[in-house]
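The structure appears below as structure tokens.
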Amino acid sequence: MLSRFNIHQPWKVRFFSRSIGNPDAILVVGSCSSSSLVPSDNLTTKPSSDQDRIFPLNKLIARHVRSGDIDGALRVFHGMRAKNTVTWNSLLVGFCKDPSRMKEAQQMFDEIPEPDAFSYNIMLSCYVRSGNFEKAQSFFEKAPFKDAASWNTMITAYARRREMEKARELFYAMTTEKNEVSWNAMISGYVECGDLETASLFFGEAPVRGVVAWTAMITGYMKAKKVELAEAVLREMTVEKNLVTWNAMISGYVENSRAEDGLKLFRAMLEEGTRPNSSGLSSVLLGCSELSALRFGRQVHQIVCKSSTLCNDITALTSLVSMYCKCGELGDAWKLFQGMEMRDVVAWNAMISGYAQHGKAEKALSLFNEMRVNKKTRPDWITFVAVLLACNHAGLVDTGMEYFDSMVRDYRVEPRPDHYTCMVDLLGRAGKLEEALELIRSMPFKPHAAVFGTLLGACRVHKNVELGELAAEKLLELDPSNAAGYVQLANIYASRNRWEDVARVRKRMKQSNVVKVPGYSWIEIRNKIHHFRSSDRIHPELDSIHEKLKEMEKKMKVAGYKPELEFALHDVEEEQKEKLLLWHSEKLAVAYGCLKLPEGSRIQVFKNLRICGDCHKAIEFMSEIERREIIVRDTTRFHHFKDGSCSCGGYW
């Protein structure tokens, strides 16, 4: 086999390594030196006139390969009177990109008169890409020449498969000098496996740390919710940050409930002159949705419109549609959706989900039918979550059951935990608690915590203590630190005036060191966010807010409002209960909006928990008294209050 190599050729290796966030990049490929685009002397078998034609034809083959036209490259190849090793290698790269052409690649390799190191490395990459690791390992072991690219291809392949013991064994067995790609593969591999301790050791030992290694560590710490360590890595970076680094930090902030920091970092990235891509914008727009930062989201929309690449990017446009839906601007979302030249299933899902969240079930289901019938777009499992959510919010029990059954029957979409959670919610809200419990018992996999939490919420609505206790017990078995389980059970007891049981639940919660997530609401006034907690004592204009609430309460009671005292979850006198209810966070936010926003203008409030029953009833009256549309987004949906009624019809 060694005779097939020009062993006196000075070899130089070129590497292409996978960067974080680009799963489609070629693994690792090595090329021969001096230039592998020029044949070595001992490969010259044709007159110089033929040789003069090889170079431009090789370039033409490479152009076809880059554009994905392998058959066009083959036509040029077969029309050539003379070829050199570069010719064969260029075509082999094309076959390598398509695993279905593995046999052709093997045949092509076998026909190369004098394969070089690049030939062997391309073929090795072919085996890896096709998933035939046994063949790849055998080919690697038998290769007559192994350069750093050969070793890196195998190390990277095992690291991607999370087989770190094999990757580590090869890493230390390398007979060539380890380079940056070698270290990157090990660091990224351990990060992907969640072994940050070992990843950190390799990171510390690496003689050269490029942007890939730094970004891998940031990604790992963010995934492990160690935000401070990720920030420390970013501060200590000794190389220039690239777009992938920025995206890792921004998405990490958003995923770790620090969306505000993510948006600040995005601004800093723009100020440094780095242009965003669709992946980064998706994280930024998700952060806007979580913060209800509509103004920031509109600024991102302007960035998209001004970019020649992003203005037609389906991922960026879909993220904008989703952001507008979640920030309450359903009309803007619909205009943007209608203007999209192309829509994939993700875009349809975003718009259907938007209508479902806003309680517009009829429009959501109509859009679903248009998607699958007129546009011939096949729904996926997320589509059905949105469809079931639409049925849920409208109380369409029979329709929801029909769609749930059709998932497997008509579309071969296997139900997932999210679908069962939607169905339990649908049945539970309709008062069909026993049927909901039976559905949980029929699940083909072990019930998850969320499904029992959903059942517990339904028991709270319908004041079913017995079933609520069962749901709470199951929920806390699966997730002992779930504060909602304790709170919902305590609320059920409180609604029945079982204050001793409420105290018992709270004591158990304290003993388990479980802390309740405090409820709060917020409203944006003149580009500033104002937060309110129940019985707030911090806001500087609290006196004016209380006066406004007292004024509205008098008018509401004249109009027929009676406080629903069961939602005051403390064992105190009725007068005190009314006062506590009046100071709930969503009422404080609405009152502040009435004080600060122009008369008759829309008020939009956001809440981190489910809106309480008394607040829902009170805001219906407020919308009529103040002659305003009031929109409240809680954790499950949007409530549009207008002229004394809500879009949910009292069903949520």
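Cβ coordinates are placed from backbone N, Cα and C, and glycine is handled just like the others.
Caution: TrEMBL annotation is automatic and unverified by curators.
Remember, it's a predicted structure, so these values are computed and weren't measured experimentally.
So that you can see what the record holds, here are the features copied from TrEMBL:
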REPEAT    84-115  repeat 'PPR'
REPEAT    116-150  repeat 'PPR'
REPEAT    179-213  repeat 'PPR'
REPEAT    242-276  repeat 'PPR'
REPEAT    313-343  repeat 'PPR'
REPEAT    344-378  repeat 'PPR'
DOMAIN    560-652  domain 'DYW'
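Averaged across the repeat 'PPR' (179-213), pLDDT for the predicted model comes to 96.
Within its own chain, the repeat 'PPR' (179-213) is flanked in space by residues 15, 17-20, 28, 148, 151-152, 155-156, 158-160, 162, 164, 167-168, 171, 219-221, 223-224, 226, 237-242, 244-245, which lie at least six positions past its ends and keep a Cβ under 8 Å from the stretch. For the repeat 'PPR' (344-378), the list of distant contacts is 314-315, 317-318, 321-322, 324-326, 330, 333-334, 337, 385-387, 389-391, 393-394, 396, 399, 411, 637-640, 647-648: same-chain residues at least six beyond its ends, Cβ to Cβ under 8 Å.
Remark: secondary structure over the domain 'DYW' (560-652) totals 38 helix, 16 strand, 39 coil, with classes taken from DSSP.
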